[in-house]
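What TrEMBL annotates here:
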TRANSMEM  A:12-32  transmembrane segment
TRANSMEM  A:37-55  transmembrane segment
TRANSMEM  A:61-84  transmembrane segment
TRANSMEM  A:96-116  transmembrane segment
TRANSMEM  A:141-163  transmembrane segment
TRANSMEM  A:184-206  transmembrane segment
TRANSMEM  A:264-282  transmembrane segment
Amino acid sequence: MNIFFQQLLNGLTLGSVYALVALGLTLVYGILHIPNFAHGALYMVGAYAAFYFVGTLGANYWVAMIGAAAVVALLAVLSDRLIFHRLKDAPPLHDMIAAIGLLLFLEACIQATWGAEFHRLAPPYPQIVRVFDLVAPAQRLIIIAAAFGLMLVLHLFLTRTLVGSTIIAMAQNREGASLVGIDATKVSILTFAISGALAAVAATLFSPINLIYPSMGHLVIMKAFVIIILGGMGSIPGAIVGGLVIGFAESFGAFYVSTNYKDIIAFALLVLILSLRPQGLFPSGAR
Amino acid sequence: MLRLEGAQLNYGSFRALDGITIHADPGELVVMLGANGAGKSSLFLAISGLRKLSRGNIWFKDQNIAGRKPSQIVQAGVVHCPEGRKLFPEMSVRKNLLLGAYVHRQDKKETQKILDQVFEMFPILHEKRNDAAGSLSGGQQQMVAIGRALMGRPEVLLLDEPSLGLAPLVVKQVLGVIKTINDNGTTVLLAEQNAYAALQIARRAYVIESGRIVMEGDRETLLNDERVRKAYIGA
Ligand SMILES: Nc1ncnc2c1ncn2[C@@H]1O[C@H](COP(=O)(O)OP(=O)(O)OP(=O)(O)O)[C@@H](O)[C@H]1O
Ligand SMILES: [Mg+2]
């Protein structure tokens, strides 16, 4: 029971972090139809920003999270304005190459500043929570609560506010959205900002139980791609469900199969599900 | 009310509009007749600001709106109900309609009033207001598209082939609604291939071919013209 509970908790922790990263990726894909490979680098910059705010400036953990979200949101918006927006009439391949270029650029900048070694974000809540005979590290519970809280806020924003519905409208029909007077540029800026902020929050949540290093975004972004392909490109519920599926598969797989194969599981699952359901779990339509 | 002068539009090296000069007087219902690829949609896209003219002017009530952003053009009072409807398929009918009033988002009261009018005009949309727009039949989706355009408070309404793909009975119903909208004072520019149907409700029409206006006239002249009968009525 206790061991099962541990795996459940691990799966939820991983899944909620993956879901946050995948949400940002799927939002940008839904609006601009570009696979933003640089999204993993935004996640990585988010971790370093939080590390800088906490470690160097001595900021409170939550303040650092907000700071990191702001920095990465700005960076994401800049990447849209300076790179992706300028390529809007170019073939899709150019977007992808530019995204990979940006990824390498950001990694090089971080490495030049902080070096290639591992860093740690001091755990703000090192306590262990005990309920009956179940134990859980406080940080994991915080990750789960914060991630799901943020997803709920995002959901309410997208479905209940007019500004949020401009994003959904643009994703569902770009021309229709322009014809009712929705400004594509504003929607694009907003979408990139949200996507960057989500990546930074995910990184800040996950960093206290993980390591910070320049290429830390690689595996996360690959998995986020697996998630949005599984969930259906552009689908918001798909990103959340897909994130949880991968999170659980990894935690239970690591336990019942082998930790060595943990990272293969996501990709094995991708091959398996896509051969059964090539359109993904939530084919476009579930937005 | 609306006047184009020498409008020219290029897609790369292809010239889709080649010096179009047309006008619509206040309260008029004018038909743009043209076959597939004649340039009707390009013309409307240029008026609503989704495509930029390479030459020419678009006058709307003494202002030149050529080069303005789509949102500014909607705000000014020229609203485009596009070919293929371009709805938000997974949003409810009600939300589609409300987004039609996006540029008037400060004025919720008036928006609610117009929404009620749209529901009155299309009772079926009221019935299906919470259904996803994409789940409706073709005719109902066309009503959502027209309703959404009305929510933008048009003084000039551009309707691009609203009868396309609809059953004859539904076409009749849609044309009836367009007539009512026009009778209520909205200037309408209607693009159609179906001359016979369109000329039932319009007084005046232009015939567009390969991006040029090749004929202009009132209903009787056009219905009796040999070329028009051959090309657009099939008689
Ligand atoms: N985005 C585009 N790029 C290149 N050529 C285009 C584009 N859009 C339209 N065209 C061409 O411009 C010409 C006019 O097209 P347009 O869509 O305006 O015609 P239409 O009269 O609306 O036709 P239909 O009745 O089929 O809707 C056509 O030859 C078409 O192939
Ligand atoms: Mg057309």
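Backbone N, Cα and C define each Cβ position, glycine as well.
Just so it is clear, the model here is predicted, and its values are computed rather than measured.
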Proximity of the transmembrane segment (A:184-206) to the transmembrane segment (A:141-163), 3+ C-beta pairs under 8 angstroms: yes
Selected stretch (most C-beta pairs under 8 A with the transmembrane segment (A:12-32)) from A:61-84, A:96-116, A:141-163, A:264-282: A:141-163
Cβ contacts under 8 Å made by the transmembrane segment (A:37-55) with residues that lie 6+ beyond its boundaries: 21, 24-25, 28, 61, 63-65, 67-69, 71-72, 75-76, 79, 96, 99-100, 102-103, 106-107, 110, 114, 119, 121-122, 124, 195-196, 199-204, 206-207, 212, 214-218, 220-222, 224
Non-local residues, at least 6 beyond the ends, that sit with Cβ under 8 Å of the transmembrane segment (A:264-282): 222-223, 226, 229-233, 235, 237-238, 241-242, 245-246, 249-250, 253-254, 257
